[in-house]
Every structure is written in structure tokens, then in C-alpha cells.
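Asker: A single structure is presented below for examination.
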Amino acid sequence: MAELTISSDEIRSAIANYTSSYSAEASREEVGVVISAADGIAQVSGLPSVMANELLEFPGGVIGVAQNLEADRVGVVVLGNYELLKEGDQVRRTGDVLSIPVGEAFLGRVINPLGQPIDGLGEIASEEDRVLELQAPTVLERQPVEEPLATGIKAIDAMTPIGRGQRQLIIGDRKTGKTAVCVDTILNQKANWETGDKTKQVRCIYVAIGQKGSTIAALRKTLEEQGALEYTTIVAAPASDAAGFKWLAPFAGAALAQHWMYQGNHVLVIYDDLTKQAEAYRAISLLLRRPPGREAYPGDVFYLHSRLLERAAKLSDELGAGSITALPIIETKANDVSAFIPTNVISITDGQVFLESDLFNRGVRPAINVGVSVSRVGGAAQTKGMKKVAGSLRLDLAAFRDLEAFATFASDLDAASKSQLERGQRLVQLLIQSENAPQAVEYQIISLWLAGEGAFDNVPVEDVRRFESELHEYLGSNAAQVYEQIAGGAQLSDESKETLLKATEDFKSAFQTTDGTPVINEPEVEALDAGQVKKDQLTVSRKVSKK
């Protein structure tokens with residue numbers, strides 16, 4: 001039988017180790033109780049230390065955002081299915097302010113406003129979390145907007161140019177091509193992305209607010225087919241989502257954009273559209289019993305958009321010189337730009353592109369109203385070559401619109417007015433572009449310069465677009481060095497101008513119009529006098545009748 005030995009030293013050591021590892025601290029956790037839950041809003045009691053915008057956890061994995069902090073209760077915006085909540089459910093604080101994961105892996109993905117993937121392609125590896133409501137860069141952290149961001153749309157790049165770090169509003173009625181303008185801008189960044197040069201590459205974020213799920217799926221398919229999805233992230237809050245998601249979606253897009261901007265990258269963010277965000281915020285505010293103001297919007301709806309759009313900036317060189325360019329979209333009703341939300345956003349942004357339904361219905365697409373559209377950055381965001389050729393374009397088009405309106409009532413016009421009217425009609429055709437077909441800057445500059453030189457004046461109006469397309473194909477093989485010169489940022493030299501004019505004249509001689517008439521009218525050959533004809537050079541043939 002084994003002898004049992006007891007070591008007092010071992011017992012003493014074991015007790016000492018156990019007591020030293022014991023902590024007398026008690027963890028404190030605040031737990032609230034659901035008083036009521038309806039219409040996406042939950043009223044919770046018993047969370048005295050909760051922070052504004054703090055995430056709260058409900059049973060079943062449902063989360064919410066603390067909004068109204070009152071003495072005896074908290075108004076919570078539920079992000080999820082509020083129908084799962086019932087009176088008496090426990091609510092726990094998370095201690096985290098609303099934030100989303102960010103990182104390079106988000107390119108090419110579709111996410112919800114919480115940063116969770118919804119495209120069925122698996123989890124996304126994030127680099128860090130970034131707070132949604134982050135402070136915008138200060139005045140001293142910014143630099144002036146001077147680098148152009150080409151949209152590929154002639155009417156915008158020439159007359160209302162957009163620079164990196166700018167906020168340019170796209171405004172118009174429904175079904176006027178607002179989304180198409182922004183999608184073309186995304187597609188136009190493909191050439192820069194393929195260079196691999198960080199200073200040229202532009203990452204794109206498309207924030208879809210309150211749109212149909214089928215529309216978002218179609219847009220993703222378009223980007224994928226055009227090869228633009230690899231540098232684009234889609235933040236989707238479709239119409240079927242709760243109002244809270246539509247309210248937060250633009251801030252999620254801005255947080256992801258700021259992550260890349262502070263790494264020295266250039267980002268383009270499209271908010272489609274902020275009207276629906278404002279309506280969602282109005283619904284939330286009314287359900288939270290906040291006092292309504294004009295058009296029932298809450299008093300801080302201006303601050304909602306200003307703090308979002310102020311995050312677009314061109315950072316100073318000390319901070320990496322990154323940028324966020326914002327293209328917010330606003331939908332008007334009956335072209336009324338004086339409504340509450342449109343006037344708010346117009347006052348916040350650095351210019352607007354106004355799309356008009358009348359122009360759209362007449363086939364002028366993009367349907368940009370030149371008289372109302374403006375860019376407050378202006379020529380600072382244009383290349384030297386574009387600034388040179390586009391200087392008088394806006395005035396020429398504005399004069400054409402006035403003359404066109406006058407010509408409908410005037411029966412007779414002088415020769416100068418007729419010439420101006422005909423050139424204006426061709427300019428309008430030249431600025432029309434097909435959807436998903438952005439044009440490189442060098443092509444735009446050559447087209448606009450040739451139009452200013454009268455190269456399109458004798459081309460039938462219905463053939464202008466086909467003439468331009470075939471002309472660029474011809475010039476691409478006969479004047480390729482001119483395209484390379486402009487693409488490098490240089491202006492058109494005198495030698496290049498001569499080359500273009502000569503090549504254009506050569507092309508005109510072979511161009512076939514729709515009605516078969518020549519573009520270049522050859523001078524008529526005068527008949528010779530009888531004395532100038534040498535009789536020995538004449539051969540007369542007669543038909544001999546067969547008997």
C-alpha cells in the first residue's frame with residue numbers, strides 16, 4: 001500500500017497561486033428594456049450612460065442606433081426587422097459608435113450600409129473600422145481644386161468641368177439621365193486605372209439610396225461588362241430596406257472614401273440620390289417626435305447634407321494629397337430647383353449640372369441645360385488644351401438657344417443669323433453622346449476645335465455624329481501623333497492644326513452623307529467656247545441603222 005505524503009509547501013504554493021489570480025472587480029453592464037417598437041423605431045428605458053450614435057444590441061441579433069437621448073428613455077433607430085422586437089425585451093449597450101469595416105478588399109463588391117457583403121461572394125477581409133460620422137478636413141488641411149477629373153462627357157468637361165476634390169451636383173427631374181451621367185464618369189476612369197499609376201487612378205464608390213433592387217443589379221452588371229467593377233464599390237440601400245439604412249448609406253460611402261483618401265488615393269463618390277436620404281431622415285425624425293419644419297423636414301436637414309458633402313476635399317501635400325470628389329444627385333419635381341432640398345444642396349456644392357426633361361425628350365442627351373449649369377471651379381479644373389478650345393462654347397450655345405427661340409416666330413433671318421443657327425444645330429449634335437460611351441479628352445478637344453474652325457458646317461445635321469465617329473477613326477491612323485500630344489497635356493500647336501485641317505479635308509472628300517450629297521461641293525466646270533475646241537480632237541460616233 002502506497003504511503004500518502006502531504007507537502008505543506010505545495011499546498012501553500014497552490015493556494016497562493018489561486019488567490020493571486022483572483023480579481024475582486026465586478027463587471028458592470030447597462031441593460032435597458034424595450035418600451036415600444038413600431039415603424040422602425042424602438043423606445044428603450046434604462047440606459048442612462050448611452051452615447052449618441054451608439055450601437056445597441058437587441059435579442060435575435062437585431063441592432064439599432066441611439067438617437068433621441070431623453071431623461072427617462074432613448075429613441076433608437078432599428079437597423080433590421082423591428083417586427084422581431086417586443087415590449088420587455090432586454091437591450092444591451094455595445095460601447096461602439098456606429099462604424100464600418102474598410103479596406104482594399106471592398107473594391108468590386110456590393111455592401112450594405114453596415115459594411116456587410118450582400119453580393120453572395122463571401123466575407124470581405126477588412127483592414128480596420130472607420131467611424132461613419134467622421135469630422136471633415138479643416139481649411140488648413142485642404143488645398144485648392146486644380147486637377148481635372150474627366151467625365152468623358154463633352155458637355156461637362158468643356159463647359160462645367162469637375163476637379164478632384166470638388167462637389168458637383170447633378171440635378172433634374174426623374175428619367176432625365178442623371179444616373180447615366182455618373183455611370184459614364186465611372187466608366188471613363190478605366191484608362192487611368194489600367195495605368196497602375198496611383199496619381200492617376202480613381203477609386204469609385206456608388207451609393208444607391210432607395211432604388212429598386214433590379215436597378216442596382218443592372219448597374220452592377222453594366223460595370224462588370226465594361227470592366228469598371230474592379231475599381232468600384234457599390235453601397236446599396238434599396239427601397240425595400242428600412243429608413244435607417246437609407247439614412248446611413250451615404251455616410252458609409254463617405255467613410256470608405258475617407259479611408260482611401262487619407263492613404264493618398266483619389267476617390268469618386270456618387271450619392272444616388274440625396275432626395276431619398278432626406279425623405280428617409282424626415283420619416284425617422286417624425287417618428288422620433290422631433291418638431292417638423294419646412295415641408296415637414298426636421299430643422300437639421302441642412303446639416304445632414306452639409307456635414308456629408310464637406311468631407312469631399314483635396315488634401316494638402318503634407319497629408320498625402322489624396323482627394324474625394326462628390327457627385328450628389330438630387331431629383332426635382334417639374335424642374336423646380338427652388339424647392340427646399342434642391343436649394344440646400346445647391347448652396348453646399350461647388351456647382352451644378354442641370355438636366356432638363358424637355359431637352360431629354362427632344363433627343364438631346366445628356367440633356368444638360370447650359371444656361372443654368374455652372375462650375376464654381378471653372379477653368380482651374382481643365383487642361384490647357386480644353387480651356388483653349390472650350391472658351392467660347394458656352395456663349396455660342398447660349399446665343400444659339402436665344403436665336404432658336406426667336407427663329408420660331410421670325411419668318412426671315414439675315415445671313416449671319418442663319419449661319420449662327422446652322423452652326424448651333426451642329427454643335428448640339430456634336431455634344432450628344434450615347435450612354436456608356438465616354439470620350440477621351442484628346443478626342444473631345446479635337447472635335448470641339450474642328451467645330452470652331454467650321455469643319456462641320458457643311459455636314460448635314462443628321463450626319464454630324466456619324467461624321468465625327470468616322471473622322472476620329474481616320475485621324476487615328478493619319479494623325480495619331482496629334483492625339484498623343486494632346487493626351488500628354490499640351491495644347492494644339494500650329495503644325496498640329498494644319499495636320500488636322502488637311503486630314504479632315506481629305507476625309508470629307510470620301511465621306512458619304514445619308515442623302516448621297518457630297519460634303520465638299522466641287523466647283524462647276526465652265527463650258528468651252530467654240531473657238532477653244534480643237535476639231536481634230538473630236539471623235540463623232542454615229543449609230544448605223546441595220547437594214
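Glycine residues also receive a Cβ, built from the backbone N, Cα and C atoms like all the rest.
Residues or ranges marked as ATP binding site in Swiss-Prot: Gly172, Asp173, Arg174, Lys175, Thr176, Gly177, Lys178, Thr179. The annotation site 'Required for activity' is assigned in Swiss-Prot to Ser373 on the grounds of sequence analysis.
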Asker: For each of Arg174, Lys175, Lys178, count the other CB atoms within 10 A of its CB; which of these binding-site residues has the top count?
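Answerer: Per the Cβ count within 10 Å, the most buried is Lys178.
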Asker: So what sits near Thr179 (ATP binding site) in its own chain, CB-to-CB under 8 Å and at least six residues off in sequence?
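Answerer: Listed in sequence order, they are Leu219, Asp272, Ile329.
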Asker: By the DSSP assignment reduced to helix, strand and coil, which category contains Gly172 (ATP binding site)?
Answerer: strand
Asker: Looking at Cβ-Cβ distances, which residues of the chain lie under 8 angstroms from Ser373 (site 'Required for activity') while being 6 or more apart from it?
Answerer: Met159, Thr160, Gly351, Gln352, Val353, Phe354
Asker: So what sits near Gly177 (ATP binding site) in its own chain, CB-to-CB under 8 Å and at least six residues off in sequence?
Answerer: Leu355, Phe360, Arg365, Pro366, Ala367, Glu435
Asker: Taking the centroid of the Cβ atoms of Gly172, Asp173, Arg174, Lys175, Thr176, Gly177, Lys178, Thr179 as the ATP site, which other residues of that chain lie with their Cβ within 8 Å of it, listed in sequence order?
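Answerer: For the ATP site, the extra neighbours are Glu331, Leu355, Ser357, Phe360.
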Asker: Ranking the binding-site residues Gly172, Asp173, Thr176 by other Cβ atoms within 10 Å, which is at the bottom?
Answerer: Asp173
